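The structure that follows is given in the form of structure tokens.
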Amino acid sequence: MPLSRALILGVLALTTMLSPCGGQDDIEADHVGSYGITVYQYHESKGQYTHEFDGDERFYVDLDKKETIWRIPEFGQLISFDPQGALRNIAIIKHNLEILMKRSNSTPAVNEVPEATVFSKSPVLLGQPNTLICFVDNIFPPVINITWLRNSKPLTEGVYETSFLINSDYSFHKMAYLTFIPSNDDIYDCKVEHWSLDEPVLRHWEPEIPAPMSELTETVVCALGLSVGLVGIVVGTIFIIQGLRSVAPSRHPGPL
């Protein structure tokens with residue numbers, strides 16, 4: 001695996017409403033916003049700055065392009081965010097991280113094993129466009145590679161990933177998306193690479209389409225249906241005849 005365990009990762013989260021005073025169970029809210037989640041990876045000189053609402057990403061700041069990227073483009077038409085604020089936070093966290101590394105004698109972060117699940121966005125119909133979702137949870141440190149494979153070959157088109165989204169225990173989760181057209185000829189895998197894994201983990205997915213009935217099965221079903229129908233007709237006729245017979249003796253001739 002190309003990621004070295006010896007590399008140091010620094011993580012500091014500058015958040016709002018993630019750690020309420022008195023504990024998380026003391027405050028109940030209908031909605032929770034997490035603002036300014038900042039992650040800095042010292043070994044690669046990269047970072048991440050995101051805003052979340054109810055666990056969903058609102059936007060992140062592309063630190064290389066120095067611009068705000070909205071999860072849903074229409075959000076950017078209603079509100080705005082100056083990316084310079086994110087750049088200032090990254091500079092502060094980098095400075096603080098250097099101090100913490102010296103105090104901790106450059107102790108590496110503890111690696112947690114991520115958990116991955118693959119599922120489709122909508123019920124699968126062959127030939128109908130759909131989306132595969134690879135949900136990866138319990139990520140720490142937040143350094144991970146997620147790759148989509150079709151028939152064991154990497155895919156680069158139609159793929160999208162969220163940024164790292166924070167959990168209540170300060171681990172992270174991430175979702176990778178793949179737009180595709182289901183086919184019986186294709187199988188898909190979500191490949192996950194992380195420092196905690198000795199080798200990549202593959203999560204397999206292929207369409208589960210009910211097999212069509214054979215001609216023999218169709219014939220048997222039709223014969224059974226016809227037999228049940230005939231039995232119903234015969235039984236119904238018998239009941240009608242018995243009913244008529246039981247009514248006939250009860251009729252008495254009237255006076256002449």
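Backbone N, Cα and C define each Cβ position, glycine as well.
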Quick test of reading the record: Swiss-Prot lists a disulfide for C190. Which of C134, C222 is on the other end?
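Among C134, C222, the cysteine that Swiss-Prot links to C190 by a disulfide bond is C134.
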Count up the helix, strand and coil residues in the domain 'Ig-like C1-type' (108-206) according to DSSP, in that order.
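Computed counts for the domain 'Ig-like C1-type' (108-206) are 0 helix, 53 strand, 46 coil.
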Within 10 Å of the Cβ of C134 (disulfide bond), how many other Cβ atoms are there?
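So the number of other Cβ atoms within 10 Å of C134 (disulfide bond) is 25.
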